Amino acid sequence: MTRKLFRQIVNGLIIVLVVFAGFYFLAQPYAFQGSLIEPPLPTADFSLKQADGKNFRLSDQQGKLVLLYFGYTFCPDVCPTTLYDLARAKERLGENASEIQVLMITVDPERDAPDQLEKYVTTFDPSFIGLTGDITELESIWSDFGVYRKKNETNGASGYLVDHTSRVYVIDRNGNLRLTFPFGMEFEAMADDLAYLLDSE
Amino acid sequence: MMKSSLLFILTILVLILAACGASAGNDSLEISDVWARPGLADGNGAVYFLIDNSTGEEDTLISASSDIAQAVEIHISMMDGEVMQMKPQHEVSIPVGKTEFKPGGLHVMLIGLHDDLNTGDNFQITLKFQTAGEEILEVTVKKP
C-alpha cells in the first residue's frame, strides 16, 4: 500500500517537473549562436560592378538576408572552408534558401579579376556573387565594415598572402547588420540563426 | 596465350612486391585521411591528412611536392584575434602521437593547379620527413 502511494507521488512529481521544464524552455528567447549586434547597425550602402558588367548595390538586396564575407580566391584554406559552410547552411534552409544572398568582396583586388572571382564563388553555389572594384571603392567598404586586411610578402611561390578579418557579416532584410559568424562556426548553427531571422521578420 | 599468362604472372609479382614495399616501409609513421577540396585550374588548393607518429621519436616534415600544381608549400592558417593569417612553414615538427592537417590549420598548399580538381579525382603528393624519408600519399578530391 505505502509502496503504491510512493510510486504515485514519484509519478506525480515527474509530470510536474516535465511540465515546468516545458514552460521554461518555451519561455526562453531564441539564443543566437553567432554574435548578435544589439541594437542592429545600419550598414553603409555600396555599389560595385559584377563580372557581367551589371551594378551590384547592397540596398537593392533589401528583403533578402545578405551574408557578406571578405576573402580572396588565392586563399586555399580558410576562404573555401567558409564559403563551403555558407553553401551548406544555405542548402539546409530548404525553400527559404532563395532569401539568402551570399557575397564575397575581395581583399586582394590586384589578383582577383571579376570573372575569376565569379568563377571561384560559383563553384560553391551558383547563386554566390563575388565582387571587386578599384582600390578606393574597396578601401571605403573595408573601412565601413571594420575589415582588417594586410598584404604580407612571402619568399615563396605564393608571392604574397593577405591577412584578413574572417567573420561573416549577416545583414538583415532592412539593411542592418544583425549578426556575425566567427570562422569555424558549424554550418548547422549558422542555418539555425538564419532560419530564425527569416521567420522573425 | 603464352604472352597473356606471362603478363598475368608479372602483374601478380608486381602487386606482391608493391605490397611488400608498402609494409616494409616505415609503418610507424602512418598517414591517413588524405584529401583535397575541389579546385580550379590556375587556382590554388589545399591537402589535408592525419599523421600518426608511433615511432617513439619526434620527426620533422621538411617539404611537400607534387606535379599537380606549379608549386607546393606547407602553410598554416591561424587566428590572430579576429584576423585570419596564413603563413608558410619551412618545417613542421611531428611529435609522437597525432598531428592533424585540417581546414583552418596546417595544410599543404597547392599553388597554380594545372587542371581543375573535381570530386572523385585522385593525385599524388610526396612528403619528405627528416627521419622517415619520403612518403608518397594518394590524395582523393572530395567535399569536406
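Each residue, glycine too, has its Cβ placed from N, Cα and C.
As recorded in TrEMBL:
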TRANSMEM  A:9-27  transmembrane segment
DOMAIN    A:37-199  domain 'Thioredoxin'
BINDING   A:CYS75, A:CYS79, A:HIS164  Cu cation binding site
DISULFID  A:CYS75-A:CYS79  disulfide bond
Practice problem: Count the Cβ atoms, other than its own, that fall within 10 Å of the Cβ of A:HIS164 (Cu cation binding site), considering every protein chain shown. | Solution: 27
Quiz prompt | Assigned conformation of A:CYS79 (Cu cation binding site) - DSSP reduced to three states | solution = helix
Self-check item: For A:CYS75 (Cu cation binding site), the number of other Cβ atoms found within 10 Å of its own Cβ
Solution: 26
Quiz item: For A:CYS79 (Cu cation binding site), what residues in its own chain, 6 or more apart in sequence, show a Cβ-Cβ distance under 8 Å?
Solution: A:TYR69, A:GLY71, A:TYR72, A:THR73, A:MET104
Quiz prompt | For A:HIS164 (Cu cation binding site): DSSP state (helix, strand, coil) | solution = strand
